[in-house]
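Q: What follows is a single structure, and I will ask about it in a moment.
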Amino acid sequence: MGDMNSKVVLKAEGIVKVYPNGVVANKDVNLEIVAGEIHALIGENGAGKSTLMKILFGMEQPEKGKIYLNGQEVTLDSPKKAINLGIGMVHQHFMLVESLTIAENIVLGKEPKKNGFFLDRREMLKISSEVAEKYNFSINVEEKIENVSVGVKQETEILKALVRGAKILILDEPTAVLTPQETKNLFEELRNLKKQGHTIIFISHKLNEIMEICDRVTIMRHGVTVETKEVKDTSPAEISSKMVGRDVVLHIDKLPAKKGELCLEAKDLCYTNKLGKMMLDHVSFKLYAGEIVSVAGVEGNGQSELAEILSGMKEKNEGEILIENKRMQDYSPKAFREKGVVYIPEDRMSVGSAERMSIRDNIFACKVDQYLKKNVFLDESRMEKDAKKWIEDFQVLCFSSKQKVNMLSGGNIQKVVAARELTEDFKIIIAEQPTRGIDAGTSELIRRKLIEFRDAGAAVLLISADLNEVFELSDKCVVMWNGKINAYFEDTAELTEEELGYYMLGVKNQSKEEVEKIWR
Amino acid sequence: MAMNMNAKVDRYNRYFSIIRFVVAVFIAFFISFVIMAFSTEHPFSALLNLFIGPFTTLRRFSTVLETAIPLTFAGLSVCVMFKARQFNLASEGGFFLGALTSAIVAIYMPLPPVLSIILALFLAGIVGSLVCGIPGICKVKWNSSELVLSLMLNYVALYIGTFIFNQVAKDPSSAYSASFPFREGVNLGNLIPKTRLHYGIFLVAVFVVFTWQFIYKTKWGMKLRIVGENLKFGKYVGIGTTGIIMMSQLLGGFIAGVGGGAEMLGMYSRFQWSALPGYGFDGVVLNILAKENPAYIPIAAFAVAYLRIGADYMYKKSDVASEIVAIIEALVIVLVAANAFLEKYHHKVITRVTAGDKGGKE
């Protein structure tokens, strides 16, 4: 890439972006994208990657700075303009209409018309299948989005951008939701796109992916672009230390598990969602003190439903839960908390916190009744004392416990959630995607805490789509596929990523007997 | 460093909301002045009357306070219910039936006056609770819209009230439609001679302090705020959300009912309302002005009362229609409620405040 002929297609210079709440997301950002490369953008959460991409896609306007496209200065004041100039973006959360077909989604907004009014179905199918063929995407464009896998949804998003004439594609954490096999497939497609002259900006948290597919990498930290390097001239260790500004331990050492008493037993849990789909199909397992059991699986195979049922957020249709050999009578969140189950929910903004309330209010939301004077009035001095202690303990970066949660970055919000949950009087931790989308430093802190509590005798159920996390933390591992536990591994250490991937996709399934070992 | 910068931004944001309020009021008055200029030949003297009017006599000033009392009750009532994110407008009906209840007690209860007053206010509160509890219970049980239900319920309250009034309290010998007079001494007295200012002003002060304490200093208040901010979060942290929602509706209704009772026993000697008094809706307006903080509600209530009395004076002294004031009120509220108002300027200053900050997002 670095040769003299390389042509800069997109250039950002001195970008400054300040959000209305005073958060300086981009302070001095300089980025040069060369034609035909796959350019990685890496950084911790809150480093300003997403903001920069939103600026390049016209969704946000910078306070200062210039953007050049093919050497000409441009003002990107709306996504529409960016699209017209050949910039396309695939968001982390898909922007697709579930009830429409792939083809309909691809042409949506620029549908071919018959007589200037009616939708030209034939032309629509032609456009979408042609583009899929051109870029070697093996998908059936007549299928409805609600019936296809996450990988295909992502391919649809990419095709949508391509049909609109995107020469530069921005992919925001495209692999976060994919299985290893789907990721491999995506990379194949990206290489192909590159071959056909497209330029790709690839945002990721995952170092190994960047090493595998990208040509150059730009590292961001605290709203500043630290450095741009050729991938072949760098190493994962170098990138991660530049990203965090210190050396991150990529591996957490842990002591062997000391299996204790039976803490939680689930028997034949079933749950059918509002659309009538059976999300949990007779799921049974046991959790013992002193062990971390992880639930791996592609998203949407029942893991979040399982977590929600085990925390009382959803009510099961069938089955029962026993905690310390006592059958639960009441399945409300309150009852679970009283029995010593704490829950770190996947959605920290809409479930895990009240964002317009203070850090202190968030931490004490579930402890109100323990911090009272005369049984009625809030004991604010005691709250403040403990809040200070826990804020320090969980390293929440803030200027006061009265700061509102929505002023914090994602990682710090997660620390607030952890500080609330892990200071309860608990025996069982249900952690659902506890480190998703948060920076390496916070992830490390939360993982260490989970291990610390495991060693102190807590039972941990870790639901994670991040295989590194599964391998790093768990003692035992189950895989969920299609609402069932389809594999059980006694010892995570003996497992490989490929092997796990097959079970996650349901290509392989263990026999009933093998899975039932979990009962012993 | 970055930490201080955040504190600075926080402080600045607080100043900004005050500045925005003042500018909003100023612009509203300016527009009103322009409108006045079209409708009168002496817009300056009209404007002067509007501002100075309420202060010209003690009697007039006390009228401002008298008007502010029911407004404050209504504001507090709506505030407590809104804190649970329930747009329950049944305060209006609660106010009306509370007033009627206290009137009936004041007419018939053969107790010493002080006991009668206490009983009248208490029963008025209970009736208010019942009225506001209905939309609440329908919401938590069947997820019906509390907004629509409470709006309709207000008319039910009005006509049930009118029916009861006709059956048990109407004085046939009265020249106008009014109840029998209240028993001797069953009223909230007179604070300053030659005015109608009554002891209800102390009662309302107690309610302001009580409501503020309740919302910000008690366990119920904290749970109420949590549930109002994020219902899912409330459920997740183990709060009995339906109980908290119901509690806030009943308490809001109680305040409305007591407000109706205090207004009746403070300002009247017979019940004579034949239409809804409108305080429930005023309560909503006050909460917009006071940003749903009970401590600011009396201030907002005073401001609105001041405007209304000033308007009355202006109307009597000049040829400007008192409706102008309704326009000013509406303009202030629109500008205060508009979150984006002055946002560009705000953003510019925030950018300047944070310029040179080296700390990044954290």
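Glycine too: its Cβ is placed from the backbone N, Cα and C atoms.
All TrEMBL annotations are machine predictions without curation.
Checked TrEMBL, it gives:
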type     : residues  : note
TRANSMEM : B:21-40   : transmembrane segment
TRANSMEM : B:60-82   : transmembrane segment
TRANSMEM : B:94-111  : transmembrane segment
TRANSMEM : B:117-138 : transmembrane segment
TRANSMEM : B:147-165 : transmembrane segment
TRANSMEM : B:197-215 : transmembrane segment
TRANSMEM : B:236-259 : transmembrane segment
TRANSMEM : B:321-342 : transmembrane segment
Q: Is the transmembrane segment (B:197-215) close to the transmembrane segment (B:60-82), in the sense of at least 3 CB pairs under 8 angstroms with a sequence gap of 6 or more?
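A: Yes, since the transmembrane segment (B:60-82) and the transmembrane segment (B:197-215) share at least 3 Cβ pairs closer than 8 Å, they count as touching.
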Q: If I count Cβ-Cβ pairs under 8 A between the transmembrane segment (B:236-259) and each of B:117-138, B:147-165, B:197-215, which range comes out on top?
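A: Answer, by Cβ pair count: B:117-138.
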Q: Any residues 6+ beyond the ends of the transmembrane segment (B:94-111) with a Cβ under 8 Å from its own?
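A: Sequence-distant neighbours of the transmembrane segment (B:94-111): 70, 73-74, 77, 117, 119-121, 123-125, 127-129, 131-132, 154, 157-158, 160-161, 164-165, 168-169, 179-183, 186-187, 253, 256-265, 268, 270-271, 273, 276-277, 279-280.
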Q: Can you tell me which parts of the same chain pack against the transmembrane segment (B:197-215), counting only residues 6+ beyond its ends and a CB-CB cutoff under 8 A?
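A: Distant contacts of the transmembrane segment (B:197-215): 62, 65-66, 69, 72-73, 76, 79-80, 83, 121, 187-191, 221, 224-225, 251, 255, 258-259, 262-263, 265-267, 293-295, 297-298.
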Q: Under 8 Å, at least 3 Cβ pairs, sequence separation 6 or more: does that hold for the transmembrane segment (B:21-40) versus the transmembrane segment (B:321-342)?
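A: Yes, the transmembrane segment (B:21-40) contacts the transmembrane segment (B:321-342).
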